[in-house]
Amino acid sequence: MAHSKAQRRGLLIILSSPSGAGKSTLAKRLRAWDSDISFSVSATTRKPRPGEVDGQDYHFVTVESFKQDVANGDMLEHAHVFGNFYGSPKGPVQTAINEGRDVLFDIDWQGAQQITNSDLGKHTLSIFLLPPSITELRRRLESRGQDDAETISRRMQKSWDEISHWGSYDHVLINEDLDETEEALKTIITATRLRRIQQPSLIEHARALQQEFEDLS
């Protein structure tokens, strides 16, 4: 990478899409591309699925504990989805961006708005993935073989609510080809890391230039 962790402030990279549009696959590819991108491990009140590891896939917590964290301001964002609570613990995110590491969020539009409006919002980069078509979106959901017909129908009904908020994101990509979309994401992230606000060391550099100019005058 062009800028080391010591030279920049980390990004909160928000990746949103309706279920089946490819965000989980692309999130994994981005983490494989750059070790400075870590995945935000969400807290949830739902039961663990087979193979899921507490603290790695999710932080599995009780409803009471979750609500207490929200009340204490310890959740960067939170939502109630399909009968369960989900949220992003704030502490680990704050630590990561202060150390120059990016944090990737695989969340819906409601969570994206909460993060963007938070005290860390100025460091966000939000990207929305659109499917090529609704027909293709359904085909992808069915081909995954993870959900029954009722769950797929419910996800499809929710998909338009998610898609309708595409205009509130910094960047929007149509994910027709995974490889092309991955390259576009890398380009966006690389450019955003160069924003002035992500490079606090520029202030000292500018002061040094001013001092040098005055010394030479």
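Note: Cβ is positioned from N, Cα and C throughout, glycine not excepted.
According to Swiss-Prot:
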- 10-190: domain 'Guanylate kinase-like' (DOMAIN)
- SER17, PRO18, SER19, GLY20, ALA21, GLY22, LYS23, SER24: ATP binding site (BINDING)
Inset, instruction - Sort out for me which one of PRO18, GLY22 has the most neighbouring CB atoms within 10 A, since those are the binding-site residues we care about. - result: PRO18
Inset, instruction - Write out, in the order they occur in the sequence, the residues of the chain not among SER17, PRO18, SER19, GLY20, ALA21, GLY22, LYS23, SER24 that have a C-beta within 8 Å of the mean position of the C-beta atoms of the recorded ATP site. - result: LEU129, PRO131, LEU137, ARG140, ASN175
Inset, instruction - Over the domain 'Guanylate kinase-like' (10-190), work out the mean pLDDT and round it to an integer. - result: 93
Inset, instruction - Write out the long-range same-chain contacts of SER24 (ATP binding site), meaning residues 6 or more apart in sequence whose Cβ is under 8 Å from its Cβ. - result: ASP106
Inset, instruction - Could you find out if DSSP has LYS23 (ATP binding site) as helix, strand or coil? - result: helix
